[in-house]
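Visitor: Would you mind keeping the following structure in view while I ask a few things?
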């Protein structure tokens, strides 16, 4: 790997540049180091950065050109050599610039600021990458498959020999069904827990319960998935579905929904806790002073005041539920069907993304590419929910600040 | 008009002046409502606590078995005629002898042990006796012989793995009833195992191999371990640490300290808060499209997993880092600027060191989240069956590896119920790592956090 050697060599050059630059700065200052504009270390840094940055830029450009196919593998050593030449040239330039009047600190600070800015742009690059990769492959998919059938088709039967039915409706139904059950579990429990903790609980109870609920939030989703698979699923099947004659499946919408609800409890409760605490104490005092009981205060004053924030929290929770993968992969099953019976196995968008993209996949067949269209749908839905929720929460926060 | 009594007062029916000591009906109803409301709150908290306890309890009880393993202690006569047919003890020649031959030697050894103890069980077939030990056992013996060819021709004591069903029998997972319905075992075999255990030949002890072994195939859950998964997860965390932390901290410094208030920084900020809420599987799709299909990086490699997790963790590091920077009071910056430091110096020499504990806490919690993430790794091929350890750093980053949460998922997809025990065991390992990271974060916060 010549590029990695070039990288290593340029770092060595930069280190050498730092030492050379510093000693040159000392030398140019003569006996009185105060004559320098900048401290000698800044001269050192300036030489190191002028050596390193051009080399890194050349290497980055080389890798990008290589990835987009302009350069071949054979051209990479050349790129390495060019990078090394750039480093040496930068080093020479940096060393030459050193002098009493040279404003090394300003130069270094400008370069560092540029680097900081570059790092903060990565967030935008990531979003752009997500959108581009999704849109590009989805476009590819819609060339092979009719978009109307995808969005309105009620049948999901992918076949790898072709001629598959890829309608999103049953997946969307499963996703919404599971999410609805999860929210039905998480919102009341999370909200009541938050209300109790912020309005009733003593310091001691709070100090114990709050971290315990946070533990629930720190548990990875795969653990919840396994819990759904080995405990909740069989339990519901044996003691509920079979007794009522409603189904015979270990994986079901209800299983995934219940477990996902448990996962969302800390999410809802910590968000609502923040929001309830942001309601000014004066509102509570006013209500209590008029003679309402604490619960009347909560129901008639605190909750209405916190309502927009709570709606935002519920929307965020919904977006989490829709995008959740491992719990539904292990708990909800894989059969794409539209049924009202919550004890039947159904499937979701995320489950199908996983199943279409794992294993050997051919990136020219609609059966694989459909995963990108599903991903884009998922991304758009969650993004819309997030944007609305963040807008509401932010607006609400300003109201009391 | 202000002196007039409020008119509705007249319409209120006369209520009997109630005693102060006795509540009237309405007060009683209100107090009952109050009590109910409180009860709902207590119930909500109780439900979440019960869920937490049940969740942890099932995983712990289900996974504890993975840390214990049943071994059969047998003397194996390493027959030179079978294991070294040429008889010259040449390691290259011995290496040509496949595990199949070792299997025969082992079968003979097991049968000899059963005969030696004079165990007679009605209906016990030869297959039952041979299947007492794991299919992995022959590889176990072969490796030891290859490491030391001088053993050939001697009779050596081996602690070989017992089969998955036998292992399950001693852990209570397999019972006589379930064995009767199971084609892979029989009540007679379990009886035999019990007899051998009574004579001290079969022992159950702590299973270090679970932590060091690689994954094993469908037929031999008893040999499967999380070694490769731990190493793969470690490599990925290293990539995340090296990339996400400096980039995240740099981005936070820029946004919090230097960025002018304008459209672009606004877009960046909205972007970051949205990225933090994008479903993790979407990052998996990005990784597949960008790093594997476009950039041509190898599938299942820790470097790809690390990059995907880096992108996912970045917003989760930026948000707490910014909070930590914001918590440093402006007086610190003003003082630095006042004595002639540049803006950059005030940030790097004063603000950043003071914000370090908060940044570290956020960083560790971000890493902990990345460690438990599964969905995006499934899409970049880390779910593949991987038997070999990846090489050392840095080339090991490009070798196929597994990751702890993915290994759990992988095992849940196997048919043998013994793998569920392994999956729960792997989760215990994962949770221990997470616990350590969280404890470290809390300790850092407690020890270094400053209130201004």
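Positions of Cβ are set from backbone N, Cα and C atoms, glycine also.
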Visitor: To which of the residue ranges A:20-42, A:43-65 does TrEMBL assign the term transmembrane segment?
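Guide: Going through A:20-42, A:43-65 one by one, TrEMBL flags A:43-65 as transmembrane segment.
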Visitor: According to TrEMBL, which listed range is transmembrane segment: A:344-368, A:369-393?
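Guide: That would be A:369-393, the stretch labelled transmembrane segment in TrEMBL.
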Visitor: Quick one: which of A:243-265, A:266-288 does TrEMBL have down as transmembrane segment?
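Guide: Matching range for transmembrane segment: A:243-265.
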Visitor: Under 8 Å between C-beta atoms and at least six residues away from its ends: which parts of the chain pack against the transmembrane segment (A:111-136)?
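Guide: Long-range Cβ neighbours of the transmembrane segment (A:111-136): 46, 49, 53, 372, 375-376, 379.
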Visitor: In the same chain, which residue numbers or ranges, 6 or more beyond the ends of the transmembrane segment (A:243-265), come under 8 angstroms Cβ to Cβ?
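Guide: Hits for the transmembrane segment (A:243-265): 174, 177-186, 189-190, 193, 213, 216, 219, 221, 224-225, 227-229, 232-234, 236-237, 317, 320-321, 324, 327-328, 330-334, 341-346.
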Visitor: Grab the same-chain neighbours of the transmembrane segment (A:43-65) for me: Cβ-Cβ under 8 Å, and only residues 6 or more beyond its ends, written as numbers and ranges.
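Guide: Same-chain contacts beyond the flanks: 3, 6-7, 10-11, 13-15, 17-22, 24-25, 36, 71, 75-76, 79-80, 82-84, 86-91, 93-95, 97-98, 102, 104, 107-108, 111.
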Visitor: List, by number or range, the same-chain residues at least 6 past the transmembrane segment (A:171-195) whose CB is under 8 A from its CB atoms?
Guide: 156, 209, 213, 253-254, 256-258, 260-270, 272-273, 276, 298, 302-303, 310, 314, 317-318, 321-322, 328, 332, 336, 338, 342, 346-352, 374, 377
Visitor: So what's near the transmembrane segment (A:369-393) in sequence-distant terms, Cβ-Cβ under 8 Å and 6+ beyond its ends?
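Guide: Contacts with the transmembrane segment (A:369-393): 130-131, 133-135, 137-138, 140-142, 144-145, 150, 158, 166, 168, 171-172, 275, 308-309, 311-313, 315-316, 318-319, 322-323, 349-350, 352-353, 356-357, 363.
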